[in-house]
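In what follows, a structure is listed as C-alpha cells, so that the remarks can point back to it.
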C-alpha cells in the first residue's frame, strides 16, 4: 500500500456520514474496474468530487494474497473520504477484508450490483439482491467486528422487476445498520435501457438512511435533475466522470487545466501507460476531431502522448 500510512491513521478523517448530513447533495465517483484508482481519485477530488470508491476488489483474493493487496489497494493521506468496494459472498471473509483496510479507509461497500457473468457465476455482485438474508448477515458481521463506529458499511444494488422485493432488501439492510445504499436504477438484465429513476424515488421514500442514485448521469445538469426526480442524498457517476473529470465543478467538457493536472498526477504516481492513455482518450473525446482521434488514439508511448499534447494544446 503506497502512501504515508502512518500519517493517514493520525489525521482527522472526514466522516462520509458527515457529508450525507451536510444538507448538500454528495457528489461521488463510482467504483470503476481499472479506472477509479488512486491517480484518478486524486484528479476528481481537485474538481469538487466529495467521495470516491476504489474499483471492486474480490475480498477472498484480497484476504488470501499480499500480492493482491498491493496491486489492488493503493492510497495516501490525501485520498479521503475513501470507500473500498468488495465483492464477497461470505460474512467472515468480508469482515477480514474490512479489518485490513479499516486503518486506511473510511468505509467499505458490498457490491450487490455487478451484472457481469463471471461475478454472478461466482456468487458475487447482482445475484446478492436475491439473497437479502446473506446481505444482512454480511453487513451485521462487519458492524459487529469493526470497532470504529465511524467506519461506514454500505451496499450498492440493482433493482428487481418487482420493486417490492428491492424495498424489502433495502429495509432488511437498514435494520442491520447499513450506512447508506446506492441504487443503480436498472435490473440485472438491463444494460442500455433508460434508468428507472421513479424506482429510486420509491426506495428513497421507503427508507430513513441516505440513498445514492446511480445510472446514466453524464453532466452536472443530469445530476441536478436526478436529485430532483428521486430526492436522493447523493449522486454517483461513472462514465460521465471518465469523459469529464471536472464535471462536478460545473465544466461542460474537460478543461485543458484538468488535462494538465491529469498528466502531472499520472506521471507522479507512475501510472501505467495504457491507463494513462485511456483516461486521456476519454477526457478528450468531446474536444477532439475525428482526424485528431485517429492520430492520438494510436500513440504508443508516454513521450509520444506528451509531445502531442504539447504541440496541439500547449499542455
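Just so you know, glycine gets a Cβ as well, placed from its N, Cα and C.
Unlike curated records, TrEMBL annotations are generated automatically.
Less than 8 angstroms from the CB of residue 114 (active site, proton donor) sit 56, 87, 120, 124, 125, 126, each of them six or more residues away in the same chain. Residues annotated as active site, proton donor in TrEMBL: 114.
According to TrEMBL, the FMN binding site annotation covers 31, 32, 33, 85, 184, 238, 239. In sequence order, 30, 32, 214 are the residues near residue 238 (FMN binding site), counting only same-chain partners six or more apart with C-beta under 8 A.
Positions annotated as domain 'DUS-like FMN-binding' by TrEMBL: 29-292.
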Statement: Neighbouring CB atoms within 10 angstroms of the CB of residue 184 (FMN binding site), all protein chains considered, total 27
